[in-house]
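Here's the structure we're looking at; comments come further down.
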Amino acid sequence: MAPSFDTLSEQDLHEEEEEEIDFSDLKAQYEVKLDEGLDTFVVIDGLPIVPEESRQKLIKFLLRKLSAAGKTSEDAVFMPLNEKNMSEGFAFVEYETPEQAVAAVKQLHGTPLDKKHTLAVNKLMDIDRYGREGRIDEEYKPPTIEPFKEKEHLRSWLADPNARDQFALYRGDKVGVFWNNKNNPPENVVDRAHWTQLFVQWSPKGTYLASVHPQGIQLWGGPAFSKLKQFPHPFVSLVEFSPAENYVTTWSARPIQVEEGGSGPLSYEEDGKNIIIWDIVTGKPLRSFVSHDLAAGPAEAEAQPKKKVQWPAFKWSADEKYVARMLQGQSISIYEAPRMNLLGKTSVKIDGVMDFEWSPATVNRDGVKQYEQLLCFWTPEIGSNPARVGMMSVPSKEIVRTRNLFNVSDVKLHWQSQGTYVCVKVDRHSKSKKSMATNLEIFRVREKGVPVEVVDSLKDTVINFAWEPNGGRFVLITTGETPTGAAVPPKTAVSFFAPEKKGGSAGNFKLVRTIEKKTSNAIYWSPKGRFVVVATVHSQSSFDLDFWDMDFEGEKPEGEKDLAANLQLMKTVEHYGVTDVDWDPTGRYVVSSASVWTHSMENGWNLHTFAGQTLSENPTDKFKQFIWRPRPPTLLSKEEQKQVRKNLREYSKEFDEEDKYAVDIANTAVVEKRKRVLSEWLAWIRREKELLAEDKDAYGLPENVDDAKMAKDAPQVSEDQGETVVEEIVEEIIEENEEVIG
């Protein structure tokens with residue numbers, strides 16, 4: 001029995017109580033069920049009403065469709081007649097197995113019999129279950145309308161007066177959402193134990209926070225992070241949102257088992273499937289699929305090697321009108337959302353296809369007026385045929401550009417964020433296949449005919465490549481071949497490329513500079529472009545983060561004056577054991593983190609500015625995950641954005657004043673706290689002096705008597721008299737300074 005959301009508490013936050021091992025799910029799974037005899041029957045409605053003499057002819061015509069789902073015969077079709085010897089418009093059909101009956105419902109329900117009649121196919125068991133006496137009221141009763149309940153503002157965090165960003169922090173068994181406060185400690189928004197069992201994930205525009213459980217996923221949002229939606233998918237382990245947050249895809253290695261009579265959005269349509277595409281607004285599945293990449297069964301293990309899970313299994317077009325999946329080596333299937341029907345009723349057959357990627361933005365190609373979405377794919381060398389890169393226009397499925405490649409070992413497709421370019425990274429082997437090298441085939445998508453520029457000056461293999469967001473520059477990392485048995489990986493080289501200055505359009509891509517003898521293996525561009533962090537992650541010996549500026553405002557080297565870049569290393573910092581680097585959505589801050597999912601040494605996260613200044617170090621026990629909350633695209637037009645940039649210096653003055661005011665407030669708070677502590681100390685002294693004066697008066701001592709001498713001359717009090725001396729020490733901070741050494 002698959003897990004259900006019913007097993008979660010109301011708040012989904014409390015610890016699970018310890019229980020004895022429950023074998024009920026195994027018993028239910030392997031329980032021998034008695035054959036009830038009706039599982040093989042289906043009922044077909046929507047048939048033409050015909051006289052008795054035409055009934056057999058109709059049955060023969062109907063069998064053509066019925067046989068497509070399973071084995072049946074004329075004798076297994078019963079079409080009842082009324083007292084006028086006319087058919088009733090429905091028939092009972094028996095299949096050989098219950099599985100064939102289920103297949104008939106899935107394949108034939110809603111299909112047209114002719115121009116005037118559409119089949120409605122249901123299992124006889126379902127009709128008996130739901131249409132039984134007492135299940136349906138004879139009189140119509142209007143549904144109860146729930147009172148209107150105002151929903152929470154799902155983008156309330158964008159109205160923060162200080163324009164702060166939020167982030168989610170997963171450590172131990174707790175997940176918290178916090179405001180980033182620059183130099184000051186983060187401000188907590190919400191912090192909950194057992195909020196997720198695997199990981200948390202923001203939607204692309206930051207509206208939803210997804211938590212993952214054995215029962216499925218849940219979406220949270222609003223100022224208080226209330227539960228918004230539940231999507232039951234037993235043992236789900238992967239989640240992917242569509243670009244505009246209208247759909248979410250879930251995947252589990254275990255096929256779904258839908259129980260008879262079970263409640264909830266899952267139906268027999270999802271039985272045996274691994275992938276579900278959900279409509280987030282309605283909370284209902286659009287369609288479910290079997291995973292292509294599951295491991296082969298025991299009988300096939302020798303014939304077919306085990307495959308890795310390809311994720312995301314479904315890839316969305318930029319406008320969410322289409323979603324596609326690939327059957328590696330055979331075809332690409334493109335579906336139209338939200339109906340999820342196959343575009344053109346057929347998959348696109350592409351022999352040997354290995355990978356594909358949609359353009360991340362809707363592209364307006366030169367000379368093309370009709371609407372289109374573009375996807376790029378590649379195929380390897382097959383026999384005497386060369387490897388091939390193709391660009392397809394959707395919905396027409398027209399191949400608008402191809403490029404043949406030779407001596408290919410592997411290909412990676414990299415779209416620029418605006419769809420202006422697509423870089424095809426081609427790893428080539430020599431004819432002897434003893435050495436490897438990489439060259440770049442850059443498609444200029446918006447130009448007429450989609451010309452291709454080749455960058456073949458690279459001598460080594462490219463292990464990482466990244467375009468500048470909303471720009472035309474890129475960074476890549478190369479490395480030489482690793483000697484067999486080498487204990488230390490070879491050094492890497494970091495290369496920066498930029499287009500030549502050429503009037504209003506971008507020229508050819510040229511090398512700006514190469515930094516040799518590095519250990520870097522990862523590239524992280526600021527989401528706003530210009531700044532980039534080149535880091536060494538998942539390493540046991542190097543942990544450096546290099547902060548680069550591609551538009552440095554200082555003097556430009558003579559040899560780079562014709563290029564659209566001025567490269568400058570701003571700072572290098574180290575973070576021991578770093579595994580991840582994340583930019584905030586505004587491009588102002590960078591977080592480097594070391595997750596316990598990779599290693600258990602010095603886990604935690606550090607906050608840096610875009611220029612590499614470390615603002616805080618946060619060692620965190622059992623730290624797992626840090627993710628910034630994304631922001632939706634700006635609502636300002638290009639002209640309004642241009643105006644903001646023009647007046648940026650004026651705005652900066654206002655921001656500087658606000659920062660100074662915030663510091664003054666913080667300093668004022670410190671001074672006020674010190675004054676309060678001092679006043680409490682003085683009040684305590686005054687109270688003690690008053691008590692001392694009362695004691696002197698009670699013992700008849702003069703007020704000006706020497707208290708210290710009197711205390712020295714006083715007789716010692718024995719311990720058995722029950723008296724104790726209470727000593728209180730109060731420390732006062734006179735001054736506190738903080739000095740940052742650059």
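Yeah, the Cβs are placed from backbone N, Cα and C, and that goes for glycine too.
Copied from Swiss-Prot, the annotated features are:
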type     : residues : note
COMPBIAS : 1-10     : compositional bias 'Polar residues'
DOMAIN   : 40-126   : domain 'RRM'
REGION   : 1-20     : region 'Disordered'
REPEAT   : 193-230  : repeat 'WD 1'
REPEAT   : 232-290  : repeat 'WD 2'
REPEAT   : 304-345  : repeat 'WD 3'
REPEAT   : 515-558  : repeat 'WD 4'
REPEAT   : 573-611  : repeat 'WD 5'
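Tertiary proximity for the repeat 'WD 4' (515-558) is limited to same-chain residues at least six positions away from its ends with a CB under 8 Å from its CB atoms, namely 463-471, 473, 475-477, 488-489, 491-496, 498, 565-583, 585-587, 590, 592, 598, 608, 610-612. Here the repeat 'WD 3' (304-345) has long-range neighbours at 238, 240, 242-244, 246-247, 249, 251, 253, 275, 277, 279, 286-287, 289, 291-296, 351-362, 373, 375, 377, 394-395, 397, 419, meaning same-chain residues at least 6 beyond its ends whose C-beta is under 8 angstroms from one of its own.
Confidence in the repeat 'WD 1' (193-230), given as mean pLDDT, stands at 96. Taking DSSP states H, G and I as helix and E and B as strand, the repeat 'WD 3' (304-345) has 3 helix, 16 strand, 23 coil. The helix, strand and coil residue counts that DSSP assigns across the domain 'RRM' (40-126) are 32 helix, 22 strand, 33 coil.
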